[in-house]
Every structure is written in structure tokens, then in C-alpha cells.
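Listed features, source TrEMBL:
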type	residues	note
TRANSMEM	B:78-95	transmembrane segment
TRANSMEM	B:107-126	transmembrane segment
TRANSMEM	B:132-152	transmembrane segment
TRANSMEM	B:164-185	transmembrane segment
TRANSMEM	B:264-284	transmembrane segment
TRANSMEM	B:296-317	transmembrane segment
TRANSMEM	B:323-342	transmembrane segment
Amino acid sequence: MKPAHLQAVAGAPVVLGLLVLTFGWHVSVGVKAVPLATVADALLDFDPEVFDHVVIRDLRLPRAVFAAVVGASLSVAGALMQGVTRNPLAEPGLLGLMAGASFAVVAAGALMGGGSSALLPLIAALGALGGAGLVWGIAMAAPSGATSLSLVLAGAAVTAFLYAAVTLLHLLDEQTFQNLRVWLNGTLAGRSPEVFWWCLPWFAGGLALAFLLARQVTALAMGEEAAIGLGVNVARIKLLALFAVVALTAASVALVGPMGFVGLVIPHAVRLLVGSDYRLIVPYSAGLGAVYLLAIDVVARMVLAPVEVATGLVTALVGGPVFVWLVRVRL
Amino acid sequence: MTRSVMVELVGGRLSLALLVWPLAVLVLLACALLLTGAFSLLTGSYGLSAPDVLAVLRGTLPEAVAGTVVWEFRFPRLLVAMLAGALLALSGAILQGVTRNPLADPSLVGVSQGASLAVVSLIILAPQADGALRPFAAFAGALAVAALIQAMSGARTTGATMRFVLTGIGMAAFISAVTSTLLTYGRIDGALSALGWLAGSVHAAGWNEVRALGLVGAMIVPAATWAARPLGALRMGPEVAVGLGLAVSPARVGLITLSVAAAAAAVAAVGPLGFVGLVAPHIARRVAHSGPGLHLALSAATGALMVTLADLIGRAAFVPLQIPAGLVTALMGAPLFVALMLRAQSRQNL
């Protein structure tokens with residue numbers, strides 16, 4: 001076997017083990033600490049008479065699942081963006097996709113009074129696509145072209161504008177948006193399972209597409225000329241990657257609101273571990289992204305207990321310094 | 001545009017060449033500011049006619065309510081909007097000159113966020129503290145963050161200006177998250193008062209803020225007059241500035257401190273108003289090219305006009321709702337920022 005395959009096989013149990021451990025930790029921590037043995041019982045041998053089992057099944061388990069799925073999705077989306085655009089600072093939050101999705105969800109709420117949760121991921125996807133298109137268009141029109149700098153600056157401007165617009169809509173109609181206020185910081189608390197089921201096809205489709213594209217993205221990450229030389233249809237791969245990124249980001253935003261920097265931190269960490277082959281980066285980003293967001297959510301719930309910090313704030317607290325470090329090292 | 005008038009003072013020993021067009025623009029801006037101000041005094045939920053307002057300002061009260069409305073609410077609010085806008089624009093103009101970075105802005109590079117964090121900490125952690133402490137807290141916070149960003153982006157090498165902006169964006173995200181976390185932690189009344197302030201609004205401004213801003217403004221004006229000369233030299237690059245006999249590092253430190261002080265005073269009074277410090281100097285430069293001193297004056301006038309207009313729009317657009325001026329400046333400023341980015345020369349290539 002080639003070394004890369006060896007690494008993949010050797011690393012997979014470690015990542016899975018970590019995932020199971022963090023998942024169990026996440027479920028056991030809370031206002032009332034539940035021992036891990038009870039957690040295992042609740043999952044494997046459910047007894048509706050035991051109060052702890054009900055708490056875990058109905059409240060904590062969904063939250064842990066959401067955290068794992070969103071963490072995996074955002075990390076994979078960030079990895080794809082960094083590979084396809086060859087830009088170390090690419091990330092759904094930085095490049096306007098999250099702001100676009102948030103704005104679309106809020107605007108749809110203002111126009112249609114809430115809307116059904118079936119449409120929510122679609123609306124978010126349209127918004128994310130619009131945000132990405134706007135940022136990309138502005139950066140391409142800049143004299144220097146779509147460099148890391150022009151993309152991040154365009155992303156910052158579009159994000160500032162869209163969040164100001166969101167706040168404006170918020171002020172105009174405070175009644176409708178009482179719930180959205182928390183959602184806008186990115187939170188895993190009290191998300192409805194109904195929305196999750198509607199988002200699930202988007203998550204699954206986006207992740208599947210990302211896994212299928214991994215091989216060609218590796219070629220693209222070496223440069224467009226190299227990719228063409230290797231027989232990759234560059235335009236098609238870019239378009240498919242955009243679909244995957246938009247689907248993953250939109251479903252994440254629709255479910256838990258904007259969570260910044262997850263897609264920046266994890267792929268870079270993964271690259272340090274497994275190198276530059278996207279056939280390894282994509283699955284490892286998914287696994288470690290899930291572990292990361294589960295751990296972050298535990299921190300968000302514990303650090304100021306009994307008050308809960310919005311999870312999106314904690315991801316920014318970790319991600320901001322990582323971003324600064326990347327600017328120092330990579331630019 | 002190149003026409004100038006010679007002004008001879010002290011019997012011909014001191015002569016100044018003044019460009020006609022920038023001076024004309026400055027006068028025009030002042031007129032526009034006066035007009036907007038007058039309009040702003042007339043606009044509001046309590047209907048007042050122009051003679052009423054004039055009578056109040058002259059001190060002959062037609063009725064007590066009108067006097068209160070104009071003198072206690074609208075007039076200080078107008079003055080605070082003007083002063084805060086002028087200070088932010090000055091801060092941005094100086095920062096752009098020192099860093100030779102056209103995209104430098106107190107809110108983009110974390111100075112506003114540093115000030116915000118300090119003020120929110122004060123509101124949340126020490127709710128009983130005197131409001132007069134706010135400007136000092138804001139100044140300390142802003143200076144600390146500015147120094148941190150400057151140190152982390154490394155001020156010497158050529159790519160440094162871009163790193164400065166990117167580092168600022170990262171720091172801004174981090175500091176905003178800390179501020180929001182503090183809001184989660186704090187008691188609800190403190191958090192609500194801090195939230196209102198964070199939106200960047202002049203609606204709560206009173207004579208206390210006018211006094212504070214006026215005092216800072218009075219100190220900044222002579223300092224800015226001093227700043228014009230080193231700014232002009234630094235604009236041509238550090239090597240040229242050294243050749244012109246400027247002590248570069250002390251001048252740089254002094255100018256950045258000045259810029260931070262101006263921004264901190266404005267932020268402490270009205271909260272973070274985005275994009276004013278970025279856009280106003282560029283508008284000033286587009287309408288009239290001039291020397292650094294006059295450019296500072298033009299920027300200040302433009303900034304004052306921007307914030308006054310933003311406040312007027314925020315009050316008039318969705319009556320009876322009041323939109324914070326900070327939102328209006330963000331909605332106006334972000335597209336202008338993009339326009340600037342598109343025009344920025346390719347020398348900022350990474």
C-alpha cells in the first residue's frame with residue numbers, strides 16, 4: 001500500500017474513537033451531569049420510565065447530532081473552497097455565504113411571515129449563492145483580480161452590508177424576530193428536529209458530492225494548468241464544488257445560524273496532519289470538524305454556566321486568532 | 001484647480017499659497033452642513049416651524065415644550081453627530097496617511113472594536129461606574145488593540161499594509177465575539193444599555209457628550225495642524241520622509257496615537273459608527289486634491305456631513321421608528337468601500 005493509504009487506514013480508527021468520545025462527553029455534560037454509563041444505556045437500552053434517559057433522548061441527543069453534522073459540513077465546505085480557489089483564507093463565513101444565507105432567511109421571514117421549514121434550506125441556499133456571487137464578482141472586478149486579500153475584503157464589505165440590512169429588518173419588525181436574535185449569533189440550543197429533517201438531504205447531498213469531487217480537487221489545488229494537464233474538466237469541477245459548498249453552508253445556516261471560522265480552522269489543522277491529498281483532507285475534515293464543533297459546544301455550555309454562550313461566538317473566539325496566525329504565516 | 005491665492009502675513013515675511021478650489025469646496029461643505037443641520041432641527045415627531053426653532057436658539061422661548069425639544073434633544077444630538085463624524089473622519093484620514101493604506105479605517109482595523117470592548121466591559125462589569133469614565137476606557141481599549149495589531153502585522157516590510165488590514169479583520173472578529181460573550185454574561189439591564197450603544201446611535205446624546213467631544217475636538221485641532229507636516233512627508237514614503245529630516249518612528253507613533261484618540265472619543269460618545277473614517281477622507285480627496293492640512297479639514301467636514309445625514313435619514317426614513325445612525329452609515333459605507341476597492345491601484349497586490 002502507498003503511504004497515503006496506510007495513513008488513511010491508521011488514522012480512521014483514531015478519528016472515529018475521538019468522535020465517539022466527544023459525542024458521549026457532549027451528551028453527558030449539562031445542567032445535570034449524567035454519567036457515561038447512563039448515556040450508553042439511554043442510547044442502547046432506552047427506558048421511557050427513567051428521567052435521565054428521556055432527557056438524553058429528547059434534548060441532548062438531537063443537539064449532539066446537529067453539532068456533529070454542522071461541524072462536518074462546514075469543515076468540508078471550507079476545505080473544498082480552499083482547494084478549488086487555492087486561497088488559504090477561503091471559508092463560508094469570510095466570503096459572504098453565511099451572511100447571504102442569513103439575510104435570505106430573515107428577509108423571507110419578513111416577507112412571508114416565517115415560511116415553512118421545508119423551504120428554509122432552499123431560501124438559505126439562494127442567499128448563500130447570491131452572497132458568494134457578489135463577493136466573487138467584486139473580487140474579480142478589482143484591479144488585482146480575485147486574490148486572497150480582495151476576496152476577504154469583498155467578503156468583509158458584503159458581510160457588513162448584509163448584517164446591517166438584517167439588523168434593519170429586525171428593527172422594523174421586532175415581533176417576528178424575537179427568535180431570530182439568538183439564531184443570528186449561531187446557536188445549537190433549542191433547534192427544532194423538524195428543520196433538521198428538511199436540511200438532511202442537503203447535508204447528505206453536499207457531503208456525497210464533496211467526497212466524489214475530492215480526487216479532482218486535489219488536481220485543481222496544484223493549479224489550473226496542472227489540472228487541465230491531468231485531464232480534469234476545470235469548469236465543471238468548479239461548478240459542482242460551488243453546488244456542494246452552497247448546499248452544505250445553506251443547510252448549516254438554516255439549522256443553527258451562522259457559525260464563523262469552523263471551515264477555516266479544521267481544514268488547515270487537517271492539512272498539517274495528512275498533507276495535501278483531498279481524498280484524505282475531505283473525510284478527515286468531516287470527522288474532525290464534527291469532533292471540533294461538539295467540543296466547542298461543550299465549552300459554550302460550560303464556560304459561563306448556568307448561562308450559555310452562543311456557540312457561534314466561541315467558534316469566532318477560536319477562529320479569529322487562527323485567522324490572524326494564517327495571515328502571518330501564509331501571506 | 002491649480003489656481004491659488006497668495007496670502008502675505010507679517011509684512012511679507014510669512015506667505016501662504018492657498019488653492020482656490022479646495023477652499024471653495026470647504027465653504028460648500030460647511031454650507032451643506034449648516035443646511036442639513038437646520039433640516040435636522042426641524043425634523044422629528046414634535047412638529048416645529050423654522051421661526052420657532054430660531055426663536056429657541058436665540059433664547060426667546062415661545063413655549064416650554066418647544067424649548068425642551070430643541071434645546072435638550074435635537075440641538076445636542078445634532079452637535080454630537082457633527083463632532084463625532086468629524087473626529088472619525090480625521091482619525092481615518094490620519095491613519096490612512098500614516099499606514100499609506102487607502103483602506104485603513106478605525107472600524108475595519110479593530111480600533112473601534114477595542115474601544116467597544118473596553119466600554120462594554122465597563123458597563124457590564126462595573127455597572128455603577130461613572131459615565132465620565134467611558135472616554136478613558138475607550139481610549140485605553142482602542143490604543144491597546146491598535147498597538148497589538150501594529151505589532152502583529154509587522155510595520156516594516158512591503159506587504160505589511162495588507163497584512164495590517166487582514167490582521168485587523170481577524171482581531172475585529174475575535175474582539176466582537178468577546179464583547180458579545182460579555183453581553184451574554186452581564187445583567188439584563190446593563191446588557192440592554194450596552195446593546196443600544198453598540199448599534200452606534202446618537203439618539204441618546206445630551207450636553208454631556210457635546211462637552212466631552214467639544215473638549216477633545218479643541219485639543220485635536222491644534223494637534224492636527226501639527227500633524228499636517230509629518231503626514232505630508234510620510235505620504236511620500238518613509239525613505240523620503242527621512243530624507244526630509246523627519247524623525248519617522250516618533251512621528252508615526254504620535255500620529256497613530258492622535259488617530260486613535262480621535263476615534264476613541266467619538267466611539268465613547270456614540271458607539272462604533274462604521275465606515276465613516278474610511279470613506280470620508282476618500283470623498284474629500286475625490287472632490288478636491290489638496291495638501292495634507294487642507295485635506296484633514298475637508299475630511300472632517302465630509303465626516304460631519306455624513307453622520308449628520310445618516311442620523312437625519314435614520315430618523316426620517318421609517319417614522320415613527322428610529323434607525324441608529326450606525327446602521328445607515330454601514331448601509332451607505334459598504335458599497336462605497338467596494339467602489340474604493342475596485343479603484344485601488346494594483347500596487348496592493350498580494
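Placement of Cβ uses the backbone N, Cα and C atoms for every residue, glycine included.
What you are looking at is a predicted structure, and each value in this text was computed from that prediction instead of being measured.
Distant neighbours of the transmembrane segment (B:107-126): 91, 95, 133-134, 137-146, 149, 164-165, 167-169, 171-172, 175-176, 178-179, 182-183, 185-187, 190-191, 193-194, 197-198, 259-260, 263-264, 267-268, 271-275, 277-278; these residues of the same chain sit at least 6 beyond its ends, with a Cβ under 8 Å from one of its Cβ atoms. Long-range neighbours of the transmembrane segment (B:296-317) within the same chain, counting only residues 6 or more positions beyond its ends whose Cβ lies under 8 Å from a Cβ of the stretch, are 22, 25-26, 29-30, 32-33, 36-37, 39-40, 43-44, 77-78, 81-90, 92-94, 202, 224, 227-228, 231, 273, 276-277, 279-281, 283-285, 287-288, 290, 323-325, 327-329, 332. Within the same chain, the transmembrane segment (B:132-152) packs against the transmembrane segment (B:164-185): three or more Cβ pairs sit under 8 Å, each pair at least 6 residues apart.
Only residues 6 or more beyond the boundaries of the transmembrane segment (B:164-185), in the same chain, are considered here, and those with a CB under 8 A from a CB of the stretch are 99, 101, 103-104, 107-110, 113-114, 116-117, 120-121, 124-125, 145, 148-150, 152-153, 155, 191, 194-195, 198.
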